[in-house]
Amino acid sequence: MACRSGCCCNSIGSFNEDNARFLMLALLIIIYLLCGAAVFSALEQPKEKLAKERWAQRIEQFTNKYNLSQDDLKNFLRNYEEANVAGIRVDATRARWDFAGAFYFVGTVVSTIGFGMTTPVTIAGKIFLIFYGLIGCAATILFFNLFLERVITVIAFVLKFCHERRESRKAGPTQNCRRPSTDNRDRRTDSLAGWKPSVYCVMLILGVAAILVSCCASAMYSAAEGWDYLDALYFCFVAFSTIGFGDMVSNQREIYEAQVAYRVGNFLFILTGVCCIYSLFNVISIVIKQVLNWLLRRLETPCHCPGRGNRHPRRNAVVPGHMRSRRENSIETDAVNDSEADGRRMSGEMISMKDFLAANKVNLAIMQKQLSEMANGHPRQSGSSSRHNEFSGGVGALGIMNNRLAETSVDR
């Protein structure tokens, strides 16, 4: 096929990089869902069939023993199902809608766990839940993001401190006694100042923290609820990851030993566990994004069509290596423009929302940070922050972790 309009290559380079990454992730998620469905179907379907057969046998035996029709028995069982939805159990349970029970319910709402053991049944309650959840879930997500920002900052500070101690020990006593040259001292200072922890170290630390919290919480639930330890560990993951099936729910019995202490421990463990797992999920998402970037680089094919080299690639496009110098020049120009804009803002001009929304990937966390810096009189640095990599302009938690880890740094 002849080249039309200068190029006819159907390579990955003609796509926007973010769109290519999004489509590849969507495809991988679909494949992941299909594989998961196959595994769970193979594991759980035989058990489901066996349970249905046993239930049919029990109904038949019960109707024959007490001379009842199956229709009457099924109607009675439907009434029990309705009572079960309302929170009524054969064994006595705690009140669902007293203040303590309602507090537990709203906690599962705003944290998006949603166990399902308690649901509003009145029209007024359902309408109120819509507006209450809209604000509460948004505020809780913001809380999780702020927690993530702080825990990443603390971990990065500790790891950097350990790295500096290790580097100072490597220098040795002989080098410490000698007066180092100015160039070597400046070079070493710049190297330490630009060091950032690896995402894998952060992921390992968060993983260990999540495991410790889950194991301690499982021990408490196993003792208080009478669950097997493995079932308690399963409940912790379902609750902390906000999956919230509702097949196992803590703090539902009417009476517990040391009831006040158990309720406080239950609240603290769920709060801490959700924060840890949320942070761990977001760090794992960086690793997944790295894999996607690696796959995109593997799929890059250079374009040899005549006249293609005269075109300027779009920003964020996956382009061959010999064309990236032009994109770097464009980025430097953007840095100068950003610097001029910062100068105008610092000179007392009003902050224009158009300046923030000019970029097509401004998220809430970055916008809040920029507004705070402008209000406090601290302009954002335009030299390095204007540079782009695969993680620049991330949304939500990715935006918070941008340039905080080695893998998300613009200097890597």
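From the backbone N, Cα and C atoms, a Cβ is placed for every residue, glycine too.
Residues Gly244, Phe245 are given by Swiss-Prot as K(+) 3 binders; from Gly101, Gly107, Gly114, Gly125, that same site also lists Gly114. Between the alpha carbons (Cα) of Gly114 (K(+) 2 binding site) and Thr242 (K(+) 4 binding site) lies a span of roughly 8 Å. Note: the Cα of Ile243 (K(+) 2 binding site) and the Cα of Thr112 (K(+) 4 binding site) are spaced 8 Å from each other. Listed binding-site residues: Ile113, Ile243. The one with the lowest count of other Cβ atoms within 10 Å of its Cβ is Ile243. The Cβ neighbour count for Thr112 (K(+) 4 binding site), using a 10 Å radius over every protein chain in view, is 16.
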